[in-house]
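Features of the protein shown, as given by TrEMBL:
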TRANSMEM  B:6-39  transmembrane segment
DOMAIN    B:12-426  domain 'TRAP C4-dicarboxylate transport system permease DctM subunit'
TRANSMEM  B:59-80  transmembrane segment
TRANSMEM  B:146-169  transmembrane segment
TRANSMEM  B:175-197  transmembrane segment
TRANSMEM  B:227-246  transmembrane segment
TRANSMEM  B:252-269  transmembrane segment
TRANSMEM  B:281-303  transmembrane segment
TRANSMEM  B:323-340  transmembrane segment
TRANSMEM  B:345-362  transmembrane segment
TRANSMEM  B:368-390  transmembrane segment
TRANSMEM  B:411-432  transmembrane segment
Ligand code: NA
Ligand code: NA
């Protein structure tokens with residue numbers, strides 16, 4: 001029996017970690033006598049932002065983390081961030097294989113699977129959002145909390161006043177009005193209790209989560225074919241299962257928020273299309289710029305966009 | 001390797017090196033090199049250690065501490081502090097240990113401003129200790145109350161640690177914050193009682209006094225001139241926070257700027273005072289942050305090697321009645337708190353303790369508050385209590401570590417008494433949030 | 001030789017001076033960014049980022065100076081209990097161990113710095129900041145720290161006072 005070690009980027013109680021741990025359980029069940037995953041812990045075992053380096057250097061064999069945590073080494077992760085597809089479609093169209101190939105060549109990592117996909121981000125505000133004559137969101141006077149992932153969109157397109165804050169400080173910042181709006185995934189607002197202060201959700205949602213399982217390539221190559229097969233099959237199945245599970249969770253969260261008085265405000269028509277296009281294109285622009293700075297390009301920019309963005313899905 | 005062997009190796013090496021007299025930061029780094037080698041696969045582990053180091057030092061949460069230190073240093077070096085404390089001496093007259101009481105009151109007030117124990121200790125320590133020393137207070141009369149009130153900062157809202165704990169445990173953030181108010185005030189009252197007892201038992205602990213009688217008008221004049229502007233600065237910053245002009249982490253910068261402006265107004269801002277202030281703040285910051293650098297990885301090694309998880313599972317594996325189980329969990333927190341940093345402890349214990357607390361029928365808010373008190377205590381428990389080292393940094397050079405440990409003891413005991421009260425009367429924690 | 005020592009001292013104090021300036025910069029950057037925000041302007045992102053990175057630069061560049069100042073807190077338990085001849089030996093041995101730790105970290109810090117250049121690693125926040133600009137502080141700071149600790153191994157001064165006597 002072979003054993004590989006793993007750590008996860010987020011605390012154990014977070015829903016995304018629970019999803020990963022259920023994947024581990026499935027592997028350990030299917031892999032009895034062949035392959036077992038031994039989870040060493042979360043950010044308390046290896047720092048959140050040090051995990052990508054740790055798996056690259058072989059300190060652990062497997063890490064579950066957002067691609068954005070190693071975006072400096074792999075700008076192509078923005079294809080996932082700006083994607084309007086889930087792991088189910090991109091596994092079929094070869095998108096994930098392409099991402100795997102880029103991971104292998106650029107970082108010496110095996111990209112095993114894109115979990116918990118299909119979850120997107122909303123803007124959440126305290127006060128009722130206002131719109132200009134063309135139906136565009138007005139951001140004047142909005143104190144918007146940002147971070148590295150969405151600032152290209154918030155600052156460059158929305159021209160909003162962005163305040164960078166770590167997640168842990170957002171609660172008190174909302175409480176005393178340092179910020180009155182933030183981006184966040186569809187799921188999780190309740191767990192963070194930010195809904196105590198936020199009253200409006202702006203639709204449509206943009207971006208996608210980019211959580212994936214990465215494995216040290218040497219460790220991966222050292223596994224038996226049978227072990228590899230079990231890991232890969234289970235990961236592909238979990239890509240599908242997690243999309244469905246999180247959709248269920250999102251519906252639950254939205255229902256609970258609705259019941260507690262969360263109002264939904266929708267952008268319409270052209271303003272909506274522009275908003276979505278801007279989120280996507282500012283992110284692509286960032287990716288393109290960084291890819292061009294890289295001497296050896298593994299995959300072409302157009303190829304990536306083609307696999308992770310389907311214009312038809314936006315209709 | 002079994003968990004207790006890993007625990008023995010890591011904890012044993014750090015204890016050995018610290019006892020031998022290796023600087024604390026270097027002892028951590030040495031133990032980390034050893035631990036990284038054993039548990040993280042040799043050389044690669046040391047790169048990991050260094051990666052952790054810069055990761056743990058480039059976070060905004062560390063910005064306030066040097067600025068609080070700077071604020072306190074400017075206050076002291078420009079003589080503003082001397083003026084204020086002389087004024088308080090004159091106003092409070094014959095009360096023995098009056099500056100110790102002022103420390104507790106000021107520290108409790110400051111807790112409503114600061115969510116960080118280190119920031120609170122840094123400010124009060126650099127503000128009060130040198131001045132109290134100069135006035136002939138025995139060191140435990142200044143160091144003890146400051147260490148105690150430093151911990152208050154995380155019990156009384158706002159508290160970054162409470163928000164994080166509530167988020168991890170998925171309990172109501174607001175309720176946990178509010179729940180801390182009454183126990184926090186009781187704790188402050190215990191501190192005051194402790195000082196009273198200490199001055200009674202040892203009248204020499206606080207300096208004798210000769211007070212010249214003053215008219216009410218003179219008193220008012222001194223109050224307006226020497227006390228109100230300084231207190232006013234604090235109040236102004238609290239108002240800025242409440243109105244959302246600054247976040248709690250940003251408040252320290254305005255504190256430092258405010259004291260600079262005050263000193264300029266009072267015409268005591270000399271170039272020499274500025275240099276001494278920056279130098280003093282820098283010394284303590286560097287000392288504390290190199291320890292942060294070293295200890296970041298030490299906590300992780302305890303987690304990664306399975307040592308701390310093993311300890312938790314072993315201790316909670318016994319079949320005991322609820323109160324005993326609570327004490328076991330409390331004990332585990334204290335033991336981990338001796339060597340680990342607070343956030344890591346929460347990440348490790350919350351997923352195990354909260355479900356357990358639920359099956360034992362504990363109120364989650366009440367239990368969360370007891371956890372916070374354990375974490376508060378662990379800031380000041382030897383050998384590794386970051387507040388103790390910050391205090392060593394701001395205290396006069398001849399203050400020994402042992403004096404600091406001893407000064408902390410009565411105040412740790414106060415926290416334990418509050419925990420006891422909470423066990424006997426859970427309503428102290430649950431009443432306010434239930435309103 | 002004297003010129004070398006003078007140049008080295010200048011390096012040490014320059015590093016400490018940069019650390020001190022960085023500390024003041026923390027205050028300035030926060031104040032400016034809060035003022036801009038409250039005047040309805042978008043604060044420059046580098047104000048925030050420079051404060052975060054500033055902590056690392058301050059700590060690493062100032063650490064060697066603090067060794068010279070004997071400002072790194074240590075506990076005198078064993079060294080205070082020993083007779084003075086033995087204390088001198090233990091104190092120098094501990095300083096030697098500190099040299100070893102510093103050299104190990106300087107060496108692997110250099111390794112990390114070179115790896116960051118080779119892999120073209122970035123730290124991603126408001127900007128894509130080359131990581132070697134952060135990790136370059138390790139080989140420098142720990143080398144100078146090793147030299148400073150070495151002064152307590154070979155120099156006339158001891159790291160441990162033992163003066164606190166029975167207290168510590
Ligand atoms: Na507080
Ligand atoms: Na401690």
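Yeah, the Cβs are placed from backbone N, Cα and C, and that goes for glycine too.
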Do the transmembrane segment (B:59-80) and the transmembrane segment (B:345-362) share at least 3 Cβ pairs under 8 Å, sequence separation 6 or more?
no
Going through B:6-39, B:146-169, B:175-197, B:252-269, B:281-303 one by one, which has the most CB pairs that fall under 8 Å from the transmembrane segment (B:345-362)?
B:146-169
Who are the chain neighbours of the transmembrane segment (B:252-269) in space, where the CB to CB distance is under 8 Å and they lie at least 6 residues beyond its ends?
63-65, 67-68, 70-71, 74-75, 78-80, 83, 119, 123, 229-230, 233-234, 236-237, 240, 246
Which one, B:6-39, B:281-303, B:323-340, B:411-432, has the most C-beta pairs under 8 Å toward the transmembrane segment (B:146-169)?
B:411-432
Which whole-number mean pLDDT does the model give the domain 'TRAP C4-dicarboxylate transport system permease DctM subunit' (B:12-426)?
88
